[in-house]
Amino acid sequence: MAKKSESKRDGRSEDDGTSSHVHIPPKYLDNLKKYKYTGSDKSLFSRFLLQPYWNFIISLFPMTIAPNCITFIGFVVGMSSFFINLYFFLFQNAEYPAWAWFYAAFSLFFYQTFDALDGKQARRTGTGSPLGELYDHGCDAFLTPFVQANMALATNLDPALTFAYVFFTSIGLFTAIWEQYTTGTLDLGYISGPVEGILLSCGMFCVSGFKSTAFWVQPLFAQPYTLPLPFAVDGHDTLTVSTCRDVILLFFFVSLFFTVLANLSHAITKPTVHASSWVAYRAALPTCVITILHVVVYRMYPHVQAQYPFVFEFSYGLLISQTVTRLTVSRLCIMPYRAFFFHYVLMLVVHLLAVANKVLSVMDSDTADQVLGKSFFALALLGAFCFLCLVLSVFRQLADYLGINIMSIKKKKQN
């Protein structure tokens, strides 16, 4: 029976006979015994600069601190900067004190450091577990859209660029975790978001602190450069590069494009851990559908974002945060992935209704913009709430099954 269970890991029935408040059906918890983390980091910055720094910092930590406690401290500090800057954006006419951006750089670097230290602490204390990996991934997934929105504020991005920046970052997060879900391993390349991307962002926060956000829209060249586009965007077939921000964004989008291509290529060409490659493709399909619909609705209602800042970014970004966390749970427990969860279904319904309204002209444009803006705001809040419910349920289940604490290290019993 055990061999059959292991070989047909993805062929199980979706009807698990479990109660609604339990995310992981009990019969899949035994699969956690097969857990073994696999991954690689090819970053030269990480290998020659950050690793020695991380090794020194972790040596300062007492052995009694739980790895998840380190992760959580980094997460809270990393989150705090966005809400500080959001206050100035909403209530101080986007006039930021210099210290806010210096703190943004500090908080992001602090988060990166503590995100790297949790695994080292787990190895030092012998407390590595699937719960630790999920806790780490969950914090990363939730924090991602907030960090990118903070960067949009720091570089004075207009609504369209803000949407593109946060939206495509969320896609990059999804393809990275989907590759891990498909192949069973997480490989970071020579240039990656968790290493070079964060260091670049810290540098840009510091520039905003020294020069203010107005620096990013000042001309960098005497004459702007014009680059041809492979396809027309808003009727334009060329891209104008004239500011430092333009150069950095161009680098970002090109790097992200090739990173996403690499993720997809690895997922398609490398051996899969599933019974069939179609298991991974089916898991990705609902996200592909909502991604396309999200862009369509954004283009259909171009005035919503100006009236309701960040609702498009966070409604989608927090959906992706939930999605990648669910993919991670499915991979760790070797259980079928359930794509149609509550938040996803509501997102799908709202998008379809928005498209239908545009086609049928049920509401006038002003009313539709108001309704859609409030709907996406509610979906963003719901996404945060559903994510919290998900991780609390899963963390508790894993901790109970593994016989460990979530935020502390259990003392070993004396014989």
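Cβ coordinates are placed from backbone N, Cα and C, and glycine is handled just like the others.
According to TrEMBL, the protein has these features:
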COMPBIAS  1-15  compositional bias 'Basic and acidic residues'
REGION    1-22  region 'Disordered'
TRANSMEM  69-90  transmembrane segment
TRANSMEM  160-178  transmembrane segment
TRANSMEM  247-267  transmembrane segment
TRANSMEM  279-301  transmembrane segment
TRANSMEM  337-356  transmembrane segment
TRANSMEM  376-395  transmembrane segment
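The list of residues near the transmembrane segment (376-395) in space but at least 6 beyond its ends in sequence, with Cβ under 8 angstroms from a Cβ of it, reads 21-24, 131, 134-135, 138, 142, 304, 308, 310-312, 314-315, 318-319, 321-322, 325-326, 329, 341-343, 346-347, 350, 406. Residues 10, 163, 167, 171, 174, 178, 181-182, 267, 272, 312, 316, 319-320, 323, 327, 330, 337, 339-340, 344, 347-348, 351-352, 354-355, 358, 368-369, 372 of the same chain, all 6+ positions outside the transmembrane segment (279-301), place their C-beta atoms under 8 angstroms from a C-beta of that stretch. Proximity of distant same-chain residues to the transmembrane segment (160-178), defined by a Cβ-Cβ separation under 8 Å and at least 6 residues beyond the stretch ends, is recorded for 137, 141, 144-145, 148-149, 151-152, 186, 193, 249, 252-253, 256, 259-260, 263-264, 267, 280, 283-284, 287, 291, 294-295, 298, 305, 309-310, 312-313, 316-317, 320-321, 323-324, 327-328.
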